[in-house]
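Asks: Marked as transmembrane segment by TrEMBL: 27-49, 61-81, 101-120, 141-164, 198-221, 242-262, 274-294. According to TrEMBL, the domain 'G-protein coupled receptors family 1 profile' annotation covers 41-292.
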Amino acid sequence: MAGGNQSSVFEFLLWGLSEQPEQQHRLFLLFLWMYLVTVAGNLLIILAIGTDTRLHTPMYFFLASLSCADILFISTTVPKALVNIQTQNRSISYVECLTQLYFFLTFGDMDIFILTTMAYDRYVAICHPLHYTMVMSRRCCIIPVTACWTLTSLVAMTHTFLIFRLSFCSKKIIPDFFCDLGPLMKVSCSDTQVNERVLLFLGGAVILIPFGLILVSYIRIVSAILGVPSAQGRYKAFSTCGAHLAVVALFFGTVIRAYLWPSSSSSSSIGEDTAAVVMYTVVTPLLNPFIYSLRNKDMQGALGRLLRGKVSFSCGQ
């Protein structure tokens with residue numbers, strides 16, 4: 001059955017998060033809680049940054065962009081999973097599956113690029129503080145974020161089009177709780193060599209090149225911080241980068257495990273893959289607001305003023 005001819009009636013069945021019926025209710029409550037907390041937490045971050053003029057700086061502009069991407073990222077997968085658990089219906093239409101795949105790849109790659117941009121922002125702030133205002137101007141902040149959205153859309157479109165060319169026959173149970181590249185290729189009954197090569201090279205580039213740039217940025221940052229004479233100055237510099245490093249380690253570690261680490265088709269391997277996917281699709285967006293706000297006094301102050309209603313809207317950066 002050709003990919004282009006099956007869009008109207010063809011459906012997939014999502015494996016889900018667990019095969020145990022007694023676990024479905026607990027999984028529904030857990031994922032509903034994580035989704036609501038993630039959306040609420042990231043919305044608070046966006047509102048706090050947008051309403052507090054003291055946070056109208058490049059660092060917080062990128063943080064607000066990351067929070068926006070995280071909301072869209074988790075909203076692409078979790079609501080459908082919750083509906084399937086509640087209705088005990090695992091079906092997802094062909095069109096809905098490819099649409100979910102496109103937006104999942106777009107917002108997931110957006111997280112990667114924004115984290116890379118945030119690392120560059122910290123590099124300029126710490127290693128070239130005298131040039132920071134000029135290098136990270138308002139225009140220089142908007143351009144890379146816009147470029148990131150454009151690039152991620154093109155990458156997602158490429159992968160989605162290649163999946164569209166595949167055929168899917170009788171075996172149509174996707175071993176995941178949403179439509180992703182690897183599971184879709186596993187249930188295809190046509191040749192997936194082109195898809196696998198594009199995933200390896202294009203997907204590898206999208207993941208490993210930003211990861212390498214982040215590592216280089218932080219090697220330079222650590223070298224610069226170690227040269228700061230005062231212990232208080234070193235502590236302040238490390239504290240501004242620690243939260244970002246924690247998010248990078250959690251996100252990239254699980255992404256590399258899910259996409260670039262070879263896995264078998266055994267049930268234990270599928271379970272490990274699902275755990276890695278849950279970590280970067282659900283847990284990381286959930287933790288980001290807490291990681292970035294718990295040790296950030298400026299963010300804590302802005303959130304406090306927002307919750308007390310003492311805010312002043314402004315469009316300036």
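Even glycines carry a Cβ here, placed using N, Cα and C.
Any TrEMBL annotation is an automated prediction that lacks curation.
Quick caveat, the model's predicted, so the values are computed rather than measured.
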Asks: Cβ pairs under 8 Å only, please: of the recorded stretches 27-49, 61-81, 141-164, 198-221, 242-262, which one is richest in them relative to the transmembrane segment (101-120)?
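Replies: By Cβ pairs under 8 Å, 141-164 leads among 27-49, 61-81, 141-164, 198-221, 242-262.
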Asks: With the transmembrane segment (274-294) as the reference, find which of 27-49, 141-164, 242-262 contributes the most Cβ pairs under 8 Å.
Replies: 242-262
Asks: What else in the chain is close to the transmembrane segment (141-164), if you only count residues 6 or more beyond its ends and a Cβ gap under 8 Å?
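Replies: Sequence-remote neighbours of the transmembrane segment (141-164) are 3-4, 58, 61-62, 65, 98, 101-107, 109-110, 113-114, 117, 181, 184-185, 194-195, 198-199, 202-203, 206, 317.
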Asks: Can you work out which residues elsewhere in the same chain, 6+ from the ends of the transmembrane segment (27-49), have a Cβ less than 8 Å from its Cβ atoms?
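Replies: For the transmembrane segment (27-49), the far contacts come to 17-18, 55-56, 60-61, 63-64, 67-68, 70-71, 74-75, 78-79, 81-82, 85-86, 282-283, 285-286, 288-290, 292-293, 299, 302-303, 305-306, 311.
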Asks: Please work out the mean pLDDT for the residues of the domain 'G-protein coupled receptors family 1 profile' (41-292).
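Replies: When the pLDDT values over the domain 'G-protein coupled receptors family 1 profile' (41-292) are averaged, the result is 85.
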